[in-house]
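Peer 1: Marked as Mn(2+) binding site by TrEMBL: H53, H101, D186, H190. As annotated by TrEMBL, domain 'Manganese/iron superoxide dismutase N-terminal' applies to 28-109. What TrEMBL records for 116-219 is domain 'Manganese/iron superoxide dismutase C-terminal'.
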Amino acid sequence: MLCRLGQIRSCAASLSQAINQVSASRQKHTLPDLTYDYGALEPHICAEIMQLHHSKHHATYVNNLNVTEEKYKEALAKGDVTAQVALQPALKFNGGGHINHTIFWTNLSPNGGGEPQGELMEAIKRDFGSFQTMKEKMSAATVAVQGSGWGWLGYDKDGGRLRIAACANQDPLQGTTGLIPLLGIDVWEHAYYLQYKNVRPDYVKAIWNAINWDNVSERLQAAKM
């Protein structure tokens, strides 16, 4: 019996050590590099907006996410459930901000605009009737976001269909609706105010000229796997 107890304690100690090693080796989240210059999306999005949006706002979400995760790890180690619950809003906000913006940068391209091709276009026609109808519906949903948030084109894996949704603040699409994000439009004021002031519809209209449909198509392919 004592031998058995000793084996259990030894196993538990080894497991605890392994968990600590994994936690210690986990790399922190980092700000992703852009594949284009800050001014590459002009005249649709000016360089000053892009620089502030990427190097300041997105960077802040990344930094705060890393800090929050460290606090959460400490709370887990202590078994402090109250602290874990209290940290959930910060995890959702900063984690969502990092997820959303990481998708957003790849959804844009200096060579963007126009219309999608192939399977993505076929899916859009099937689910919305036409590309123009999808564009109008997504634009309307995005402009209508109250306060800050995002407009999304997502993939409903269970239904096998494309859907449009809007999320408040930095709520991540998949984590809050179950839809897999394909295309996101950021309508926080920091994404457009310096150039478009309070005329959000003009910004939403302009951003279609920078949409990277190849990236959206790749995301659809990955979502269907």
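All residue numbers here begin at 1 and follow the chain in the order shown.
Glycine is no exception: its Cβ is also placed from the backbone N, Cα and C atoms.
Remember, predicted model here, so these are calculated numbers, not experimental data.
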Peer 1: By a 10 A CB contact count over all chains shown, which of the binding-site residues listed here is most packed: H53, H101, H190?
Peer 2: H101
Peer 1: Around the Mn(2+) site formed by H53, H101, D186, H190, list the extra residues of the same chain whose Cβ is within 8 Å of the site's Cβ centroid.
Peer 2: H54, H57, H58, F104, W188, A191
Peer 1: Among all the protein chains here, how many other CB atoms are within 10 A of the CB of D186 (Mn(2+) binding site)?
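Peer 2: Taking all protein chains shown, D186 (Mn(2+) binding site) has 25 Cβ neighbours within 10 Å.
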Peer 1: Can you give the mean pLDDT for the domain 'Manganese/iron superoxide dismutase C-terminal' (116-219), rounded to a whole number?
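Peer 2: Mean model confidence (pLDDT) across the domain 'Manganese/iron superoxide dismutase C-terminal' (116-219) is 98.
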